[in-house]
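As given in Swiss-Prot:
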{"type": "BINDING", "residues": "Arg92, Arg102, Arg130, Asp224", "note": "substrate binding site"}
{"type": "BINDING", "residues": "Asp224, Asp248, Asp252", "note": "Mg(2+) binding site"}
{"type": "BINDING", "residues": "Gly282, Ser283, Ala284, Pro285, Asp286, Ile287, Ala288, Gly289, Gln290, Gly291, Ile292, Ala293, Asn294", "note": "NAD(+) binding site"}
{"type": "SITE", "residues": "Tyr137", "note": "site 'Important for catalysis'"}
{"type": "SITE", "residues": "Lys192", "note": "site 'Important for catalysis'"}
Amino acid sequence: MTHQIAVLPGDGIGPEIVEQAERVLKALDLPLELRQAPVGGAAFDQFEHPLPPATLELAQGSHAVLFGAVGDWKYDTLPREFRPEQAILGLRKALGLFANLRPAILYPELASASSLKPEIVSGLDILIIRELTGDIYFGTPRGVRTAADGAFAGEREGYDTMRYAESEVRRIARIGFESARKRNKKLCSVDKANVLETSQFWRDLVIEVSRDYLDVELSHMYVDNAAMQLVRNPRQFDVIVTGNLFGDILSDEAAMLTGSIGMLPSASLNAAGQGLYEPSHGSAPDIAGQGIANPLATILSAAMLLRYSLNLAPQADRVEAAVRKVLADGLRTADIHEAGTTKVSTSQMGDAVLKALG
């Protein structure tokens with residue numbers, strides 16, 4: 001069976017880093033069909049829309065999507081619906097992607113690059129699972145209005161709606177428990193149940209789901225404490241499951257513990273296992289075309305693609321082992337370079353990973 005992969009390089013450094021991930025996938029000699037399409041600003045330049053119908057059709061008809069990055073300052077004056085960033089939102093909605101998986105791993109060779117002391121962060125290996133379709137980002141009603149009553153009657157006010165449906169919480173909780181079961185069997189559910197009705201509802205449902213996973217140790221933590229604990233003692237965590245808003249913030253915080261966001265992959269999955277895989281960093285237009293971008297997050301995203309959407313765990317293991325070997329050999333792109341290591345370009349890093357694959 002041939003697996004079709006939609007390859008959407010995007011803007012900025014996107015094409016450079018995706019090229020290296022494509023090389024790695026092709027080197028594995030698997031039955032893959034990689035098909036490219038424009039997205040983001042690159043698509044707007046050609047079709048006056050960040051997510052053209054042909055690109056969306058390709059993504060919907062593929063087993064998985066390998067995504068680079070979108071965005072550039074030159075598009076900031078466009079109406080919101082035409083900005084490059086709308087492409088990723090459109091893909092999430094069209095593909096029904098509801099679970100975002102963000103690993104935060106500190107490789108031993110990069111311990112000195114972390115913002116925390118090595119004795120605190122050494123051995124860090126966290127998986128943060130963020131719900132993508134609900135919460136305050138998508139709740140309605142929302143907008144700006146004139147307050148009709150209360151202490152601020154007559155003033156303009158902005159308002160949003162935080163909401164979660166029961167089915168949304170149950171399905172993301174199951175992803176959390178299943179992921180923890182495959183790791184160290186520890187799941188921490190993060191909420192704000194002491195203040196928010198939505199969070200108390202979330203917590204109650206996670207507890208209900210936990211009865212199907214008695215082999216997994218479940219704990220709960222308020223989001224403010226979780227943010228503190230990620231800095232104070234990050235190794236206490238194995239898998240974290242949380243809502244859209246809290247996950248957006250905590251996953252970026254965890255990213256900075258690893259030394260460089262250029263090392264962090266991510267996966268967004270739907271109920272059928274179809275996924276969109278992308279590096280956690282942005283399009284970095286300021287360094288685009290210079291050949292200095294770090295492709296490892298994208299290569300590791302390709303490994304996640306193999307693992308989660310194609311069920312090819314052995315091949316994913318090979319790619320991840322190759323990345324570890326390259327780091328152990330002292331090769332570094334500019335973002336993680338330090339004294340005593342060898343600085344390499346984007347393509348040279350890709351060459352090194354291919355060599356390590358054997």
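Every residue gets a Cβ built from N, Cα and C, even glycine.
Neighbours of Asp224 (substrate binding site), defined as other CB atoms within 10 A of its CB across all chains, total 13.
Less than 8 angstroms from the CB of Ala284 (NAD(+) binding site) sit Gly12, Ile13, Ala69, Ala293, each of them six or more residues away in the same chain. Here Tyr137 (site 'Important for catalysis') is positioned 19 angstrom away from Asp224 (substrate binding site), judged by their C-alpha atoms.
Looking only at the recorded positions Tyr137, Lys192, Asp248, Gln290, the one with its C-alpha closest to Arg130 (substrate binding site) is Asp248. In this structure the alpha carbons, written CA, of Ile292 (NAD(+) binding site) and Lys192 (site 'Important for catalysis') are 41 Å apart. Note on proximity: among Arg92, Arg102, Tyr137, Lys192, Asp248, the recorded positions of the record, the Cα nearest Gln290 (NAD(+) binding site) is that of Arg102. Here the C-alpha separation of Arg92 (substrate binding site) and Tyr137 (site 'Important for catalysis') works out to 13 Å. Ranking the binding-site residues Asp248, Asp252, Asp286 by how many other Cβ atoms lie within 10 angstroms of each Cβ puts Asp286 at the bottom. For Arg102 (substrate binding site) paired with Asp252 (Mg(2+) binding site), the C-alpha to C-alpha distance reads 9 Å. Fewest other C-beta atoms within 10 Å: among the recorded positions Arg92, Arg102, Arg130, Lys192, that description fits Arg92. In this structure the alpha carbons, written CA, of Asn294 (NAD(+) binding site) and Asp248 (Mg(2+) binding site) are 22 Å apart. Each residue contributes its Cα atom, and for Asp248 (Mg(2+) binding site) and Lys192 (site 'Important for catalysis') these two points are 15 Å apart. Long-range Cβ contacts of Tyr137 (site 'Important for catalysis') within its own chain (separation 6+, distance under 8 Å): Asn244, Leu245.
For the binding-site residues given as Gln290, Asn294, the lowest number of other CB atoms within 10 Å of the residue's CB is seen at Gln290.
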